[in-house]
Amino acid sequence: MGCSKWRAGFNFGHLKAQSKLSVFLTMIIIFTYLFYCLSGYCESLPRPVYDQQTTFINKILGLNDGLEQQKLDPHKNSSPGSVVRELPGFDSVHSLLQGNDHELRPDNNISIANNFGSKTFPQAIIIGVKKGGTRALLEFLRIHPDVRAVGTEPHFFDRFYDNGLEWYRNLMPRTLESQITMEKTPSYFVTKEAPRRLFALSRHTKLIVVVRDPVTRAVSDYTQTLSKQPGLPSFQSLTFRNSTTGLIDTSWSAVRIGIYAKHLENWLHYFPLSKFLFVSGERLVTDPAGEMGRVQDFLGLKRVVTDKHFYFNQTKGFPCLKKPEGSSRPRCLGKSKGRPHPQISPEVLLRLREFYRPFNMKFYQMTGHDFGWD
């Protein structure tokens, strides 16, 4: 009898030890998996492996009870660790993201969520204008802790629209619920198809347009192109269709971009004026904190970026950001900003200013703001 009791006790203890060992091994597997996910390795796993691991861990944790697991097309570029929220009115996210023209219902904002936030479509976009001060504005905004922005210009709504919405969304940085996702592509403002395409994605996107004296902007545009193409014809020869009659060549992009009223009309077919903020490129240089205050108010952000963040660089002729904590030096815009303009005949500049005057007046009227370019 004593031997039987000993054997029974031994078997019970052995089973208990096995149970503990099973739990211990299971926890090791779970924590190892979580460690790899937090390290970013999950996104590099082949989808079948990932799906098997997810199913296994969900079974252990009891997460599959009563839940339907919905998966995206494995050939798309979505992150394997993503949780995609389906939108009402669509059969699937896959069908939503298909098609060259992306015929979407407005206000869609699909997100890919993980432990570090979500990849969402931008709530605000700097849509223009080239050589107006868009890069400076974006750099100033990125100081704000509640702003996350794409570093490079995506050019989705003008050049890469056929790549699809998922491609565009995947370019975005991960943001928390309290943060704003932003991007800037100045050519959107002058692209005819851009407003319709953006409206199809969301009618609530906030639009920022940085404008600058169109004459100065045209010269700056020419200067940038000249730095890349030293053999470029003179500014005067490109400005006029006929130098004798003084007829301005509006087909030249450096001139065409500055006809702000014409481009704004196209956007107003889709978005109300309340969705726009027009930032003065000149005041972004002379009073960066003041303009940044307006921008932060427009975006619904606390005024974090203030005078304390700026100093004026006399050499470049532009404001720079003061040395942030942990940095060895102040941060100024790149060498391409503030390059000296070539000498251009005053008569040419005067003729160009006369050309822009009626368009400027209309732009002032449309926006309710006099930018003082005349």
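Glycine too: its Cβ is placed from the backbone N, Cα and C atoms.
What TrEMBL says about this protein:
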{"type": "ACT_SITE", "residues": "Lys131", "note": "active site, for sulfotransferase activity"}
{"type": "BINDING", "residues": "Lys131, Gly132, Gly133, Thr134, Arg135, Arg212, Ser220, Lys337, Gly338, Arg339, Pro340, His341", "note": "3'-phosphoadenylyl sulfate binding site"}
{"type": "DISULFID", "residues": "Cys320-Cys332", "note": "disulfide bond"}
{"type": "DOMAIN", "residues": "122-357", "note": "domain 'Sulfotransferase'"}
{"type": "TRANSMEM", "residues": "21-41", "note": "transmembrane segment"}
Among Gly133, Pro340 [binding-site residues], residue with fewest other Cβ within 10 Å: Pro340
Among Lys131, Arg135, which are recorded positions, the residue with the most C-beta atoms within 10 angstroms of its C-beta: Lys131
Separation of alpha carbons, Cys332 (disulfide bond) and Ser220 (3'-phosphoadenylyl sulfate binding site) (Å): 18
Cα-to-Cα gap, Arg135 (3'-phosphoadenylyl sulfate binding site) vs Cys320 (disulfide bond), nearest whole Å: 12
Rounded to the nearest Å - Cα separation of Pro340 (3'-phosphoadenylyl sulfate binding site) and Lys131 (active site, for sulfotransferase activity): 14
Pairwise CA distance, Gly133 (3'-phosphoadenylyl sulfate binding site) versus Cys332 (disulfide bond), rounded so that it is a whole Å: 13
Spatial separation of the residue listed as 'active site, for sulfotransferase activity' from Cys320 (disulfide bond) - C-alpha basis, Å: 17
